């Protein structure tokens with residue numbers, strides 16, 4: 001795997017902000033069918049008010065995808081994509097693009113190494129702010145992904161703009177921010193699982209110089225220096241490259257899925273609920289546990305991991321490359 005080399009000039013906060021939003025959109029385009037399959041599996045078996053009877057049953061990731069294509073057409077895999085892209089342009093830009101800036105803000109002056117507490121605090125902060133700004137787009141996305149399982153007459157929205165208007169008119173402005181608290185909890189956890197894990201794994205890989213060449217040696221067959229910031233003469237510096245980003249992103253995706261799946265299931269059900277179905281997110285959680293037991297908290301875990309793992313790989317690799325491309329392009333545009 002090849003990619004652009006790290007630039008001598010670090011990217012600015014604006015470059016990171018724009019790059020994160022673009023990378024989030026690229027990742028969504030590649031993995032959106034898996035996200036839709038995850039939503040369908042998470043809401044399957046839910047007791048709805050008013051009660052509806054569905055003859056479609058989803059089994060596993062591939063089974064869900066094939067059933068959707070067979071019964072609803074291939075376009076159903078990307079139902080809600082417009083809202084999803086709108087979400088990423090605001091959501092990913094804030095929670096990922098501003099992470100380094102917030103982390104530096106929380107780091108005491110004169111401190112060389114950023115501690116775990118500062119990383120976690122920065123992840124929680126950007127995740128919460130991003131949810132507060134992008135929650136309406138998430139609500140509409142989930143509604144579209146879930147509505148494909150309904151008949152044409154039962155579908156409420158003709159398009160993305162109509163969905164925003166209809167929800168605001170029928171459920172009030174609060175309807176567009178339905179599930180904000182569980183979504184803040186979910187994204188604080190996911191943000192820490194993704195960004196902090198990626199940050200730590202990438203830093204560990206660079207310090208251990210595991211990506212400097214084949215068989216753990218430098219690119220010219222030299223044994224790497226134990227200190228990546230001060231390599232020994234003749235040795236290769238640690239490579240901040242695509243394989244390093246790939247491994248760190250894969251680990252971040254798995255960690256985020258394990259810790260965030262229970263909150264994600266509750267968030268999806270609560271955001272897709274009919275008015276009055278649940279009093280709050282806690283009642284949604286209790287109803288889920290009574291109906292499906294603790295195993296219900298991990299409904300759709302496999303598509304969640306496939307989606308979140310692949311999303312992280314595509315997003316972080318794209319994010320790193322877009323940052324470098326924009327930094328290299330700035331002198332040419334000036």
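All positions are counted from 1 along the displayed chain.
Cβ coordinates come from backbone N, Cα and C, glycine included.
According to TrEMBL, the feature compositional bias 'Pro residues' maps to 225-235.
Residues or ranges marked as region 'Disordered' in TrEMBL: 216-235.
TrEMBL lists 11-105 (among others) with the feature repeat 'Solcar'.
Note on the repeat 'Solcar' (114-204): its mean pLDDT in the predicted model is 83. Positions annotated as repeat 'Solcar' by TrEMBL: 114-204 (among others).
According to TrEMBL, the feature repeat 'Solcar' maps to 240-325 (among others).
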- Work out, from DSSP, the number of helix, strand and coil residues along the repeat 'Solcar' (11-105). 71 helix, 0 strand, 24 coil
